[in-house]
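Since the structure comes first, as structure tokens, the remarks are kept for the end.
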Amino acid sequence: MDYSEMIHKDLIFLNEDAPDRKTLFREVARKLKKAGYVKDSYEKALNLREDKFPTGVVLPELSAMLPHADPVNVNKPFLAIVKNAQPVRVLQMGYNEPEDATAMFFLGITDPSQQVGLLQLFMDLLQDKAFVEKFKSITDPAVMYQFFVDTFKAQAVDK
Amino acid sequence: MAKIVVACGSGVASSEVTASRIKDFFDSHQVKGVSVDATDFKQLPEVLHNYDVYVWIAKPNQQLEELAKENHIAVVNGMPIFMNMNPEKSYKQIIQALKNMQSANK
């Protein structure tokens, strides 16, 4: 399946500088809302879910998080790509141990059965050294957009 | 038929990924007759007793741990499978639990 359609040019935020998770969520939720991807309920749902079930993941090359709210709060599927200048203290999925994340991938899931493959593919990519190095080096949103679309398209052809 | 349940916070993402990885693992290792379901924390206390193995993505609370113990359900950490980081240990635990079941039934 080709997940490149979930990457959107207007959902790549590489210059965030929030001091903490809640501020970051507020900023990103505001932008997602403005662009029509999520409902009014999204920010609250996102925070509630993160408090209860954290989404931080510590990978060998990257400390990231994958915030997501229940599908009912999402209008259209997306993967928003976010870099925050300062590390944000979050908790790790499964273990609830602290982690300082600098990369955030907000998943907008509307239909789990359709989009779950994206998360699986994405977890594998985040452990691919070449992918992560390239991701870290890119500062231009247009370049990031193309990088993700090309990567996802190539993966879709492979499978 | 042996039954495995994978549970995360909402059942929309990480439990589905992990369930799908476990199914792939069984396919590629010719393990047959095992069903793998994904669910969320809300449903879990009601359905857990139907299963033989509980794979967690969100850490089980005390209630769930006790429930698993009472019903003799094996509890396995699913995070390594979800992240695909050194998942061998978790797969081994799942296989071991299935083997234990088999020998208990004989």
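Counting starts with 1 at the first residue shown.
Cβ from N, Cα, C; glycine included.
Feature list (source: TrEMBL):
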DOMAIN    B:3-92  domain 'Phosphotransferase system EIIB component type 2/3'
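If you take every residue in the domain 'Phosphotransferase system EIIB component type 2/3' (B:3-92) and average the pLDDT, you get 92. Residue counts for the domain 'Phosphotransferase system EIIB component type 2/3' (B:3-92) under DSSP, helix first, then strand, then coil, are 41 helix, 21 strand, 28 coil.
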